[in-house]
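What follows is one structure encoded as structure tokens, with my remarks underneath.
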């Protein structure tokens, strides 16, 4: 066995052990399985969010875009850099507060309870499962390519092995396993990519020399409008590239559920700092490596292989093994989070609610696992035959999820009047618009990114739909108002509060409200 | 007044007030009320039918009889029969039969999550009782933060702020 394969194998075994040991801890309750007991702190929350989000796309899709379009690709990096800050600060605290008040365990259940509608929950569930799967397929392709590069195995067997590891890991671990392994993987990703970028830039003589070299090849690589000025003057496309992450971030169900795992709403403030620091360290490096690839690998046949090829052509084997372990780490962390989310949505929000309300918990766990297996099998088939590029799949899946959920989530915590018809209209119009815009290539005709089209239609759907539906009940309006208020609670009180007592606290409060004021004894 | 099985606590009121003041660093803490919160306590014996790692022993669960929320109980609570004011007892919202079903499903789920592919054992019901856990409602004040009301679990000393 060669050195690279040894390093990679040890790495995977350690990850699986962490997953197994953590899953043993997750035996206290089904809440632990679904949400890690809502007990992870701000540093871990922020890092795992990024670990989930910085997927195989960042190692293959992002560098490939930079390799093909030059500095234009950095629009997506700027978007990434601000994404987590916008996400946690806009949604984090309020959604945590409101989900506690509503007693919701998953983000889809949250939408159903907030909008008081089973149909909202069903539509959200279907959109989530389908497009989370699309996103997962992109990770499978990245896993196959990374393993091929690392082991020299043919693509399809490498893909099957990679997906097998991911599915096993997801089925035999709980969310808690995912959270902690994501955290460790996030650290490795930073070290791997930043290290390789530093070596590549030193090799080229620095950033200025890189730009000089790019100018000599084709000056338009330095343009903000893309190679050959392909997007010149198309501000709608550039705006879409920026928004798809910085706003689109908020729409992903698997990202939002992690907010509910934080110790208390106040941890969101600290999570922003952690998240921002981690992001700045990582987010630009893969794109810079794509630019380095233009100079160093001028005859590359598959642009998505920029990073593996750079690693093997110019760096020692140990570096390559570490980097490719980081690629697999990114792929695994993203895939298992997404698969867990899809499994949770199917078992809780569709199966138990609409198919078999009397299903016991044992059956629900099995339903969840069968879906994970199904997505794994279909994923291998999609990734093995006619695989699209990682970039195309991620942007498409991300865009549809973002367009479906951003508006209903934001409206759910910021507007007491947002109702079920508005939410359904926003989800459906956002998703359908994004799909058709992409399929019929409206971007070429309008100069607008599909994400902009979907966002505008989703907002319109919410605004118009709200005129037709019933106003939310008085109870929901009160809960939304309650979740809006940020009280100046003592830090010490908040830090030691026991989250598990939230239902009791809520019910005791309601008891006193219904009888009379709390009377001193 | 009504008689009920109240979970016994080692804490008395002054000791708990001191504990909360120390924990929250509040300038002043005073008790406003005491309430009794209903749970179904249910205990099973595990009967393993197969699986690689056989598990024996007992497992207990509590079901919150107001909202139906389940939890695995670590130890058998000590209970004492007492007369308490009816107005201080939180009204039940979940029927005993429904709570029993929830407990069973929850224990099965917890075991299957913990044991994974190794197989879930059969549960034999051993004990079942409706009991009340005492909570104090306290008011806390700080120098530089808004005053807050909290509920304090009189058994464990854990607390949670009220939402308003």
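Keep in mind that glycine also has a Cβ here, set from the backbone N, Cα and C atoms.
What TrEMBL lists as transmembrane segment is A:35-53, A:73-92, A:119-143, A:155-179, A:186-206, A:235-257, A:278-298, A:310-331, A:366-385, A:391-411, A:418-437, A:449-468 (among others).
Contact between the transmembrane segment (A:119-143) and the transmembrane segment (A:449-468) does not hold: fewer than three of their C-beta pairs are under 8 Å, each pair 6 or more apart in sequence. Between the transmembrane segment (A:278-298) and the stretches A:310-331, A:366-385, A:391-411, the greatest number of Cβ pairs separated by less than 8 Å involves A:310-331. Nonlocal intrachain contacts for the transmembrane segment (A:310-331), taken as residues 6+ away from its ends with a CB within less than 8 angstroms of a stretch CB, comprise 2-8, 11-12, 15, 51, 54-56, 58-60, 139-140, 142-143, 146-147, 149-150, 162, 166, 185, 188-189, 191-193, 195-196, 199-200, 203, 289, 292-293, 296-297.
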